[in-house]
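Colleague: Okay, so TrEMBL annotates it like this:
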- 160: active site, proton acceptor (ACT_SITE)
- 10, 30, 78, 110, 224, 248, 250: NADPH binding site (BINDING)
- 78, 106, 108, 160, 213, 223, 224, 225: sn-glycerol 3-phosphate binding site (BINDING)
- 78, 224, 225: substrate binding site (BINDING)
- 110, 224: NAD(+) binding site (BINDING)
- 35-130: domain 'Glycerol-3-phosphate dehydrogenase NAD-dependent N-terminal' (DOMAIN)
- 149-288: domain 'Glycerol-3-phosphate dehydrogenase NAD-dependent C-terminal' (DOMAIN)
Ligand SMILES: NC(=O)C1=CN([C@@H]2O[C@H](COP(=O)(O)OP(=O)(O)OC[C@H]3O[C@@H](n4cnc5c(N)ncnc54)[C@H](OP(=O)(O)O)[C@@H]3O)[C@@H](O)[C@H]2O)C=CC1
Ligand SMILES: O=C(CO)COP(=O)(O)O
């Protein structure tokens, strides 16, 4: 039996999908919600299979409060911890054996999953048997691929949010389709270079979790990260943008983690660097894009 932890946009959409296959599935969240099958955390933790869908920066504190020993964990969050500068698989591995840990990612707006629209996702685990086990919880309109490249799937899911912010900025500055296509192509190369440094496989960046999620997120106002970029280009303040959004835009935090990791390891990440300067050093977006295109 499976429990979902996290009742935000993505957690509730995945729960809605899983319920179609597993009617007894339950959900919990920090904030109580009026959802059929909502239980408290203690109850949710009784199940063997647990799907965790909470904001990436909240995960390390959450893990200190629960006992996940011998549980089988699937993580749907996309981000890098920007205090510890650690990938989520590294944070989880302090509490859960790698063989009990899997990650789900791919091009998947919650709204479309709630409408049963066809969606492809990747479940990555060092234990492919576990990835297969988790794939059985999802209904046919969610096509699940399995993969062993945990680092690649994680980096791709986190990094594409940063490129989506850059793409929103490009759109907001009205720089045109040519500039946006160049930005996405270079963005894909950049996230691959960063990922390969940490052991990811190039192929992962060409698949649904890489190019697929990048093209989705960096091309649509349905993406919260893209909308952050659009509003930054309009000169709005980050705090106002995030308050109005009311949901997490992981790219804002992932940008800082990537910036610091790339400086520490001397990895060339020009797009993430400019997004960092816009968000954290008040650099003017137009100046950033000019510097990038030089
Ligand atoms: N929305 C989408 O289409 C997709 C989102 N994702 C990823 O899923 C993750 C969640 O996103 P989403 O659900 O959309 O975001 P929301 O902002 O809608 O929800 C955030 C979730 O995180 C929980 N949360 C936040 N802070 C804490 C905390 N300190 N302790 C415990 N729980 C906390 C919230 O709990 P509560 O509200 O109960 O307080 C809520 O369940 C993100 O990493 C996102 O990138 C991945 C694919 C698609
Ligand atoms: O990850 C997502 C789609 O795959 C959702 O993107 P946003 O968080 O930018 O809305």
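In case you wondered, yes, glycine gets a Cβ from its N, Cα and C as well.
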Colleague: Do you know which of the binding-site residues 10, 30, 110 end up with C-beta under 6 Å from ligand 2?
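Modeller: If the test is a Cβ under 6 Å from any atom of ligand 2, the answer is none.
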Colleague: Take the C-alpha atoms of residue 30 (NADPH binding site) and residue 106 (sn-glycerol 3-phosphate binding site) and report the distance between them in angstrom, rounded.
Modeller: 25
Colleague: Give me the non-local Cβ neighbours of residue 225 (sn-glycerol 3-phosphate binding site): same chain, 6+ apart in sequence, Cβ-Cβ under 8 Å, ordered along the sequence.
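Modeller: Set apart from residue 225 (sn-glycerol 3-phosphate binding site) by at least 6 residues yet with Cβ under 8 Å, we have 161, 162, 164, 165, 168, 217, 249, 250, 251, 252.
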Colleague: For the binding-site residues 213, 224, 250, which sit with their CB under 6 angstroms from an atom of ligand 1?
Modeller: 250
Colleague: Using Cα coordinates, what distance in whole Å links residue 78 (NADPH binding site) and residue 160 (active site, proton acceptor)?
Modeller: 9
Colleague: List the Cα distance (Å, whole number) between residue 10 (NADPH binding site) and residue 160 (active site, proton acceptor).
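Modeller: Approximately 17 Å lies between the Cα of residue 10 (NADPH binding site) and that of residue 160 (active site, proton acceptor).
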Colleague: In the domain 'Glycerol-3-phosphate dehydrogenase NAD-dependent C-terminal' (149-288), how many residues does DSSP call helix, how many strand, and how many coil?
Modeller: 108 helix, 0 strand, 32 coil
Colleague: Compute all pairwise C-alpha distances among 78, 224, 225, the residues listed as binding substrate, and give the largest one in whole angstrom.
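Modeller: Value for the max Cα separation, rounded to a whole number: 13 Å.
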Colleague: If you skip the near sequence neighbours and keep only those at least six away, which residues in the chain come within under 8 angstroms of residue 224 (NADPH binding site), Cβ to Cβ?
Modeller: 245, 247, 248, 249
